[in-house]
Amino acid sequence: MSILVYIEQAEGSIKKTSLEAVSFARALADKTNGGEVVAVALGTVSEAELSHVGAAGASKVFHVEDSKLDAGVIQAHAEAVAQVYQKVGSKTLVMAKSSLGDAVAARLAIKLDAALVSNVVELPETDNGYTVKRSIYTGKAFAQTSVTKEHKILAIRKNAVDLKTDGAKASVEKVSLQIPDTNFATKITSTDKATGEILLPEADIVVSGGRGMKGPENWGMIEDLAKELGAATGCSKPVSDIGWRPHHEHVGQTGVKVAPTLYIAVGISGAIQHLAGVNSSKFIVVINKDPEAPFFKAADYGIVGDAFEVLPKLTEAVKAIK
Amino acid sequence: MKILICITHVPDTTSKIQFTDNNTKLDKNGVQFIIGPYDDYALARAVELKEQLNATLTVLNVGEAETEPTLRKALAIGADDAIRVNAFPKDSQFVAEQIAAIAKQNNYDLIMMGRESIDFNGGMVHGMVGELLGIPSISPVMKLEIEGDKVKMAREIEGGKEYLEAKLPLVAGCQEPIAEWKIPNMRGIMSARTKPLTVVEPASQNVATEVINFQLPPAKGTVKLVDKDNVAELVRLLKNEAKVL
Ligand SMILES: Cc1cc2nc3c(=O)[nH]c(=O)nc-3n(C[C@H](O)[C@H](O)[C@H](O)COP(=O)(O)OP(=O)(O)OC[C@H]3O[C@@H](n4cnc5c(N)ncnc54)[C@H](O)[C@@H]3O)c2cc1C
Ligand SMILES: Nc1ncnc2c1ncn2[C@@H]1O[C@H](COP(=O)(O)O)[C@@H](O)[C@H]1O
């Protein structure tokens, strides 16, 4: 029985989080019945890019090469994935949790009469029934959830499994689908997107600044460190509220929830609503001039000091080990 | 113009989350319940649309009697009437079916929700309702303007936003900065007491998932502090001890 993975692309490249979803599906197949992992990609993507999906663990990619699907039109994507799922005869669909993934998964759950579990953090237990561990209360807890429906959709959180890179090349099969026009009733008129940046939800390292950075003119220091580390930049809510940084960088309860291997917080106090967005990080480093800042309680490593002195030194020290 | 706003009744964002009954129930001791922060954004934008378009606003919650103060608060902020579907919100599919059943009876032009509930963080009820009703669902929406039957929206995507247009009816999962949270005033609080709050029984009982138990993450150890004059030591620890560089 094949597991289908919905892979997302941006400007023709496949998202890393989607590749993780492929590796998750591969590990799940190994754990259960050893079936195939097949992926579905929508829109314009090069053949070479698609065959990379093999390295992550898929043996085959169905490519719906319809340029109308380049944009993430939620209903159209849901319809396309549903059709491929039925064609494959799969019973499990895996995808990365994302802005588009969530919206598409919800519609698919109804279309496919499937149980949808979101925020999945590890492989399901399948020995006795089917239970899935998912993150709830914005990372403050987990729920063991049992799934009784035959069809299952798992939306997985970053770092739920290690990305596999040693798989064979995947074969690519082009499929053309009839997607009724009603699915394109929502028109994307334009997008406004930072290019070349490392995206926050996908980043392995995040450097975040808070109100302690004093003003947008000081963000160069955050960016320098981020660049040296190959990291994405984030911020606290007040920083995006005042407009020092764009909204999509705001981390926390009401912002982006990140799950990097390393989160570096500079001049952020560590309010519970901020911590809610970062408590899935593997390691947390806090730089704050106040030794009593609550963030130190959630940190693995810390420096009590002035960000304006520590940051340039830290950037130099990172350079030195390269 | 009829707008439905679906709200959750969830622990305040500062709550310490703990469980009782063998980790099968949330420990409500000392927990303050609020309108979900994203639902609050949806409601705030709906109140603005009401002023602009002379709309009527209905708020809806699927929950047991304890959620009524939260519904009353939404009435105080500006909703005209409230509906409570009298059932424990067992899972997203269950909740979505209740909302869709109410929507089918009342033909709302616009259904507004939060991008996600802050208890289960599914981010899926809006999409399910959209599919059940056969209308578009858009989330997370950061801007929403109505011009005639046209809706202009901005949706957050990784690293930016996309602008889109659709026709009513539709479902929107909202987030900031769609509007500023509104605080009820005295007049609102007074009038909320007499606004209608209807209780209805669930239309179906289907569920797709069931929580077996809850777990808390392992406690963090104590922080390892590095002297501010020895920053290289931090990099060494990250490289050799944590092995993240
Ligand atoms: C419903 C709700 C939802 C919320 N959601 C979020 C959310 O998603 N994300 C979020 O971040 N917040 C959120 N908040 C806000 C949150 O409560 C805090 O107000 C916010 O996180 C504080 O931001 P900050 O740490 O940048 O600023 P502050 O609390 O002002 O902290 C600044 C810190 O910088 C330090 N500092 C100052 N100068 C220096 C220096 N030179 N060098 C080093 N350190 C320095 C200070 O010691 C202090 O600890 C929410 C609040 C509510 C009510
Ligand atoms: N029990 C409920 N009653 C009413 N609306 C709900 C309920 N649960 C979720 N919603 C709505 O659906 C949105 C998304 O919830 P979720 O899919 O659980 O993250 C929330 O922000 C609410 O607007």
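Cβ coordinates are placed from backbone N, Cα and C, and glycine is handled just like the others.
Curation does not apply to TrEMBL; its annotations are automatic.
Owing to the predicted nature of the structure, the values given are computational and were not obtained by experimental measurement.
The FAD site recorded in TrEMBL comprises A:Gly267, A:Ile268, A:Ser269, A:Gly270, A:Ala271, A:Ile272, A:Gln273, A:His274, A:Asn288 together with one of A:Arg157, A:Arg211, namely A:Arg211. Confidence over the domain 'Electron transfer flavoprotein alpha/beta-subunit N-terminal' (A:3-188), given as mean pLDDT on the 0 to 100 scale, stands at 94. Among the binding-site residues A:Arg211, A:Ile268, A:Ile272, A:His274, the ones whose Cβ sits under 8 Å from a Cβ of chain B are, in sequence order, A:Ile272. Look at the Cβ of each of the binding-site residues A:Ile268, A:Ile272 and count the other Cβ atoms within 10 Å; the largest number goes with A:Ile268. By neighbour count, meaning other C-beta atoms within 10 Å, the densest spot among the binding-site residues A:Arg211, A:His274 is A:His274. With a cut-off of under 6 Å between the Cβ and any atom of ligand 1, the binding-site residues A:Ile268, A:Gly270, A:Ile272, A:His274 reduce to A:Ile268, A:His274.
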